[in-house]
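K.L.:
Feature list, courtesy of TrEMBL:
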type	residues	note
DOMAIN	51-269	domain 'Ion transport'
TRANSMEM	52-71	transmembrane segment
TRANSMEM	114-132	transmembrane segment
TRANSMEM	175-202	transmembrane segment
TRANSMEM	208-227	transmembrane segment
TRANSMEM	248-270	transmembrane segment
């Protein structure tokens, strides 16, 4: 038996190693495979990532949703039948083109994104009515359901709205906590359902419409938990003179509505705030990365200009360094920072820089001298003021 167990483990190890080797070889061949249409792929990727493309897709989905609202009215559908047919062809063509473009850009990683899979499901749903009409005919009884499911097209807005994706992420993160709260609420409802059936579902004077069995008791407790028509339910119990009915109703509403439902809302709010803060941090990081990329492009261009400037300085003898600097300044844009990396290794630039610093020092020295002279004059004027006051007072005394 031990030999048989060892043989099974050995075969499992060999099969798992073979699968790992095959998967590694598959991924290596995929990585080695190089596309020959990289330029076209880059162009299509820029088109997909552009702001204009997103605006077009959002406008298309919104217009499609508006047309579906008009389609629900029978008179409008009858009068604008041709318009609805043409618009439907346009919408389906745009959705299919979007799918093909995204799949063309990255055919492997496209299937790893959940929102892309949502788009694929929506495209499948779009083609279901056409398939049913071709296969089953126009009078197929379940064709109305397929037409009604077309309202899911508006979910394509999720792909182009980061705010909605953030909320969906928050809801997904709260799944475990919310499930725990719902389980506790179910346990509470189970306890009160059995208790309510035993108290108010007895055959003598029972309220069979609300507490006749466990299913009705659960539905009644759900109405009490949402505080929807609980006064009518309580009046029916009071009409049958149940002693503990009011205590039962008040305790259940306090526990279910004010405790568990408030706990559910609080959990959702906390996780939503965390997701919003994370979204803001990611947005700030993306902005910072975009600014760094733009700065890198500007610095690279300036370094090329500085290198050309240095090469011109070496090759051309009749131009001075200041003229070359002025020429370089003309190539700068008003938003570009000044690059000093290559300038710092140039002796003429060091000479110009030191002379500029000396001129600034001389200017500051002259300003200091002027300041000292102003202070000296002011001090003399202040010393003369008491003497003038004394002379004026003496002249007044003599006049008296």
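We number each residue from 1, going along the chain as drawn.
Just so you know, glycine gets a Cβ as well, placed from its N, Cα and C.
Unlike curated records, TrEMBL annotations are generated automatically.
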K.L.:
Report, as numbers and ranges, which residues of the same chain sit near the transmembrane segment (52-71): CB under 8 Å and 6 or more residues beyond its ends.
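P.N.:
Beyond its ends, the transmembrane segment (52-71) has Cβ neighbours at 77, 80, 84, 87, 91, 94-95, 98, 150-151, 153-154, 156-157, 159-161.
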K.L.:
Using a Cβ cut-off under 8 Å, which residues of the same chain at least 6 positions beyond either end of the transmembrane segment (175-202) come close to it?
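P.N.:
Distant contacts of the transmembrane segment (175-202): 208, 210-214, 217-218, 220-222, 225, 237, 240, 242, 244-245, 248, 252, 255-256, 260, 263-264, 267-268, 271.
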K.L.:
In the predicted model, what is the mean pLDDT computed over the domain 'Ion transport' (51-269)?
P.N.:
85
